[in-house]
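S.K.: What follows is a single structure, and I will ask about it in a moment.
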Amino acid sequence: MGYRVVVAGATGNVGREMLNILAERQFPVDELAVLASRRSLGTEVTFGDKTLKTQDIEQFDFSGWDMALFAIGSDATKKYAPIAAAAGCVVIDNSSLYRYDPDVPLIVPECNADAIHGYSKKNIIANPNCSTAQMVVALKPLHDRAKIKRVVVSTYQSVSGSGKDAMDELWEQTKAVYNPVNDVPPKVYTKEIAFNVIPHIDVFMDDGSTKEEWKMVAETKKIVDKDIKVTATCVRVPVFVGHSESINIEFEDFLDEDEARDILRQAPGIMVIDKREDGGYVTPKECVGDFATFISRIRQDSTVENGINLWCVSDNLRKGAALNAVQIAETLGREVLKKG
Ligand code: 2RA
């Protein structure tokens with residue numbers, strides 16, 4: 001016996017990946033409902049070898065459904081998550097709405113699966129921000145061995161993190177560079193993204209950081225350890241899918257680069273590709289469609305007493321969103337609901 005599963009936001013980048021990954025990982029689905037806004041009503045989506053028509057989330061009755069994977073943004077989540085939760089359907093939410101709520105567990109299964117038992121306070125579980133998810137998968141095993149004091153991270157985030165319109169904008173602007181007649185002014189972003197980088201993701205905060213950078217700090221503290229100091233600079237780059245991160249880590253205790261590499265090699269969800277030669281590292285193009293968080297360029301930072309630098313790449317639609325949400329669903333099923 002399996003689960004009655006809802007995917008809300010099934011026509012978006014993340015919603016479609018949720019369906020792909022539920023099928024790829026053969027999640028025990030007895031029945032599946034795919035929901036969308038009225039604007040996308042009736043759109044067909046695929047789940048394995050099946051084609052399903054989206055239903056109107058406004059009219060949907062969540063009672064009797066085991067779990068709902070939400071990829072509908074914070075505003076819609078604010079309206080529908082409490083309705084689903086009150087109907088007894090556990091919500092696994094990809095928006096940022098509940099991530100910082102003390103009554104809602106924020107889960108990356110490789111890091112803090114046990115925290116899932118706190119879901120029953122609101123019947124909601126939060127999925128982290130994409131740039132946080134891939135980073136904490138690397139930080140947690142190293143923190144367990146040598147206690148992290150401080151993290152300095154620079155991200156190189158793909159446009160799919162902003163959705164389909166941003167991917168179209170990159171594509172059209174890139175084409176226009178070779179065909180100047182069709183000037184494509186910025187719409188999703190504040191500046192041209194083709195052949196450019198933009199040091200601004202989400203809104204600016206009072207201290208000069210952006211909300212994306214604040215999220216990485218707050219979420220790392222909630223998932224790994226509240227005492228870790230994190231400072232982030234989040235940058236949008238002209239890549240379609242795949243977030244990259246340059247991560248500098250300072251530990252309480254010394255950690256040799258070879259031991260760090262061995263720890264990461266054995267850590268769940270991580271693939272180490274790290275050779276000090278041409279092509280001995282991962283780039284975003286190579287991570288697309290993969291479940292793994294790839295780690296390269298592991299090396300001592302000799303400018304501080306106990307420092308390590310590394311390069312981290314992962315498919316932001318997968319580990320950064322849909323895969324992590326499905327892994328939460330797997331953990332919920334295995335550890336809590338125990339059907340199937
Ligand atoms: C981004 N992390 O990359 C944000 C939301 N997905 O745009």
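Each residue, glycine too, has its Cβ placed from N, Cα and C.
Note that the structure is predicted; figures quoted are calculated from it, not measured.
Just lifted these from TrEMBL, have a look:
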type	residues	note
DOMAIN	4-119	domain 'Semialdehyde dehydrogenase NAD-binding'
BINDING	THR11, GLY12, ASN13, VAL14, ARG39, SER40, SER160, GLY161, PRO180, ASN316	NADP(+) binding site
BINDING	ARG99	phosphate binding site
ACT_SITE	CYS130	active site, acyl-thioester intermediate
BINDING	GLN157, ARG236	substrate binding site
ACT_SITE	HIS243	active site, proton acceptor
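Give me the local environment of each listed feature.
M.R.: ARG39 (NADP(+) binding site) falls within a helix when secondary structure is assigned with DSSP.
Cβ environment of ARG99 (phosphate binding site): LEU106, ALA126, ASN127, PRO128, ASN129, LYS215, ALA218, GLU219, LYS222 lie under 8 Å away, each six or more residues apart in the same chain. Under DSSP, ARG99 (phosphate binding site) is assigned to coil, being neither helix nor strand in the three-state scheme.
In the three-state DSSP assignment, the secondary structure recorded for CYS130 (active site, acyl-thioester intermediate) is helix.
Listed in sequence order, the residues of the same chain lying 6 or more apart from GLN157 (substrate binding site) and placing their CB within less than 8 Å of its CB are CYS130, SER131, ILE201, GLU212, CYS234, VAL235, ARG236, VAL237, HIS243, SER244, ASN316.
Other Cβ atoms within 10 Å of the Cβ of HIS243 (active site, proton acceptor), summed over all protein chains shown, number 29.
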S.K.: Where ligand 1 binds, which of the recorded positions CYS130, GLN157, SER160 are close by, with Cβ under 6 Å?
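M.R.: What lies within reach of ligand 1, judged by Cβ under 6 Å, is CYS130, GLN157.
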S.K.: Measure from the Cβ of CYS130 (active site, acyl-thioester intermediate) and count the other Cβ atoms within 10 Å, all protein chains considered.
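M.R.: Taking every protein chain into account, the count is 28.
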S.K.: Counting Cβ atoms within 10 Å of each candidate's own Cβ, which of the binding-site residues THR11, SER160 comes out highest?
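M.R.: Highest number of other Cβ atoms within 10 Å: SER160.
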S.K.: Fewest other C-beta atoms within 10 angstroms of its own C-beta: which of the binding-site residues ARG39, ARG236 fits that?
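M.R.: ARG39, out of the binding-site residues ARG39, ARG236, has the fewest neighbouring Cβ atoms within 10 Å.
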